Amino acid sequence: MVRKATKKTIKKVKQVEEFNDDDEIIEEIVEEIEEVVEQRDEVNDEFQEEEEELEDDDDDEDDEDEIVFTSIRTTATTTTPINQHNDKEKEKKKDKQEEYIDSDDDDDDDGDENYYLNNNNNNNNNINNNNNYNNNNYNNNNTPTEPIKTETIFYNPPIRKRNEINGTVNTVSGGKSSKNIIEKMGEQSWGDMYTPSKCLQISKQNCELQSKYYTEAQLERLSSEIRRNPSMASKSYHFLSLGLTTKINHQWIRALISMALLISLVAIIFYLPLPHLKHIIMSPTGPSIQTSKTTGEFDQFDFNNPSIATKLTAFKDNWRRFSIVGVSNFLCSNYNFNPIDYSDGGGDGGDGGNTSIPKEFSTVQELKNLKIFGSCILFGVILFVVWLFATRLAEKEIIIKSNLPLQFLHSILTLLVIPLLSMLFWSLVLLYFIQTLLIGNQVNGQEDIFYCVNHLSNSLSEISSFSPARELFLGSVGIVMRLVNYFYPLSIESLALHQSTLYDTKNVYQMKLVSFLWTIIVGSFIYHTFLISSYLYSIFHEYHPTTTTTTTTTINTTTNTTSNTSQQSNPLSKRLKSNQIDPSSFNLFSLDVKFLPSFIPEVLITQNFIIVFIWTIAASLLWIYGVPPNLHIHEGEIFFIFIALAPLIKSIYNLIIIEQKKDKINQVHNEISWKSEPEILELQRQRLEQDQLDQQQFDELIDN
């Protein structure tokens with residue numbers, strides 16, 4: 001029917017072109033078009049009835065998808081011929097419209113053409129509206145009508161792909177399939193697709209704990225940064241003001257402990273006697289030591305006798321030879337201090353009394369060298385751990401959480417424990433290299449020991465010709481031997497670890513004790529050599545913040561005066577310059593040098609230079625004048641007293657600096673301190689008023 005109607009319309013249109021004055025033909029065309037529109041309305045009503053029936057069967061989600069899919073297919077099949085026919089009809093009508101537009105007709109004919117065109121446009125609009133209505137009905141059945149909520153930000157919907165062949169829905173990614181959710185959690189449950197919220201509500205107590213932990217973490221981070229860069233602490237006067245009491249207490253504790261060590265060292269040197277010895281022979285093949293049968297040898301000296309110089313020289317030379325023999329026997333013999341002991345009994349130097357050797361080692365010497373190396377590692381690890389613990393205690397002081405027991409423990413570790421462990425570590429390192437290089441695998445037994453002793457004796461004799469090294473070594477030997485002779489007296493042969501006295505297995509533990517003492521003696525020489533070298537090095541490579549800050553401030557002032565001369569008359573700038581804080585006034589690492597003349601360098605008042613200067617004066621006096629012979633004291637022992645003065649000088653120096661700059665730090669801290677909110681607002685208001693007043697005065701000066 002539709003096709004026949006369109007054919008008739010085409011014929012009628014052609015007739016209209018030939019007979020424009022025939023109104024009856026136009027009326028017939030309009031009636032036929034209205035019949036076509038009525039037929040399309042009937043088809044659309046049938047489609048709407050089918051869709052309403054599909055909406056009633058919407059219980060299951062999967063069934064609904066299939067129904068919608070089939071309905072789309074049915075509508076597509078039914079509407080396609082009509083759409084094709086409508087397209088053809090539109091094209092023909094457009095052609096007719098163009099022909100009407102191109103033709104030159106009368107006014108009456110134009111009116112008829114406009115009537116025809118308006119009717120065609122209305123019909124086209126009706127067709128488009130019907131198509132849009134069908135599409136809207138389909139979309140309304142498949143899309144939610146509610147607006148999108150803000151929580152969709154946290155929603156992770158599944159990507160569902162429709163299988164056009166079977167008409168089923170497959171879940172590609174995101175979430176679970178609808179059947180699993182319905183079985184476990186009920187219909188329309190998509191709770192697993194919501195990510196858990198990060199905004200968790202916590203209690204007030206947990207909030208306080210979190211803020212406390214965060215504060216402690218930031219303080220520890222600050223303490224580590226200050227420990228790596230000590231000058232950072234001088235940039236905060238609040239920080240320095242709060243920590244002044246802690247620093248003063250710590251320095252007093254260190255000063256008291258240093259004073260106690262100094263007094264005990266003086267008592268050992270002046271009140272504990274040395275063991276008597278004479279006729280020290282350097283030959284390793286024969287008896288190397290002869291004991292003194294007479295006591296009070298030095299009491300029989302006549303100091304007015306000119307020949308006393310030879311006897312004093314013999315005294316010094318005997319102790320020099322004794323120290324060389326003792327060190328050689330310690331480094332080359334079988335009785336070496338070793339926590340991982342390689343033998344249980346004495347011997348003649350061949351196998352150390354231990355006959356059972358593991359298969360991995362060909363000789364006892366290999367096992368011995370390995371255990372000495374293990375002892376080096378052991379003491380190195382212990383030293384490192386103790387140093388870390390002492391550093392941690394120093395950080396506690398930096399973050400103002402150090403109490404008196406912690407400060408006392410830190411002082412004991414840094415003044416006693418760490419130096420003693422360093423001595424043991426360096427002595428074992430030297431022992432390992434000597435045992436490995438000079439003795440090796442001990443193929444020839446006793447001959448290798450004599451070879452090692454001979455080489456070491458010659459080397460140490462050459463080193464002892466340098467008087468500072470000789471006196472430093474004799475000082476450590478004299479202090480240790482005084483302690484042993486007073487608390488646990490032994491023979492000279494035992495103290496020198498002479499090989500002929502070691503056959504008795506009953507004296508094994510006694511020899512181990514003496515070996516431990518020689519370990520301290522050798523380590524003390526190495527440790528104090530490094531200590532003196534570090535003080536000498538620090539004089540020329542010490543950081544001087546005062547000089548750098550003064551130079552930078554002078555450069556800044558010169559540049560400001562040259563570039564902005566007009567600001568000199570500004571009272572506001574003058575007031576700001578007068579209130580500027582000099583960073584050198586807060587530096588707790590150097591003295592205030594304002595009292596010094598300009599031609600004197602600041603390095604002369606640093607603590608390291610003062611300590612080295614005292615050591616130099618003491619060594620020069622001891623070298624020139626010596627020690628009175630009636631004291632029976634080595635010059636090296638007196639020099640150790642001045643070495644023990646170094647921690648005390650440091651503590652006194654730091655206390656002087658703090659006392660010198662304490663008032664300035666507290667003054668600035670009180671002027672610009674942490675205040676409550678009303679006080680801060682009042683202070684800001686006062687400053688704003690003062691700035692406005694200064695600006696007015698400055699403007700008046702410019703106008704004048």
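A Cβ is built for glycine as well, from the same backbone N, Cα and C atoms used for every other residue.
Look at Swiss-Prot and you will find 85-99 tagged as compositional bias 'Basic and acidic residues'.
Marked as compositional bias 'Polar residues' by Swiss-Prot: 566-576.
Feature annotation from Swiss-Prot assigns N-linked glycosylation site to Asn166 (among others).
Here Swiss-Prot flags Asn354 (among others) as N-linked glycosylation site, drawing on sequence analysis.
Annotated N-linked glycosylation site per Swiss-Prot: Asn556 (among others), in sequence order.
Here Swiss-Prot flags Asn560 (among others) as N-linked glycosylation site, drawing on sequence analysis.
The N-linked glycosylation site annotation in Swiss-Prot covers Asn564 (among others).
Per Swiss-Prot, the feature region 'Disordered' maps to 37-145 (among others).
If you look up Swiss-Prot, you'll see 550-576 (among others) marked as region 'Disordered'.
Sequence annotations record features per position, and here Swiss-Prot assigns transmembrane segment to 255-275 (among others) based on sequence analysis. Through the fold, the transmembrane segment (255-275) approaches residues 408, 411-412, 415-416, 478-479, 481-483, 485-486, 489, 492, 495, 631-633, 637-638, 640-641, 644-645, 647-648, 651-652, 655 of its own chain, all at least 6 residues removed from its boundaries and within a Cβ separation under 8 Å.
Residues or ranges marked as transmembrane segment in Swiss-Prot (evidence: sequence analysis): 370-390 (among others).
Same-chain residues lying 6+ beyond the ends of the transmembrane segment (414-434) with a Cβ under 8 Å from its Cβ atoms: 254, 257-258, 261, 330-332, 336-338, 369, 372-373, 375-376, 379-380, 382-383, 386-387, 390, 452, 456, 519-520, 522-524, 526-527, 647. Residues or ranges marked as transmembrane segment by Swiss-Prot on the basis of sequence analysis: 414-434 (among others).
Taken from Swiss-Prot, the feature transmembrane segment covers 513-533 (among others).
Positions annotated as transmembrane segment by Swiss-Prot, on the basis of sequence analysis: 609-629 (among others).
The transmembrane segment annotation in Swiss-Prot covers 638-658 (among others).
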The transmembrane segment (638-658) versus listed stretches 370-390, 513-533, 609-629: most Cβ pairs under 8 Å = 609-629
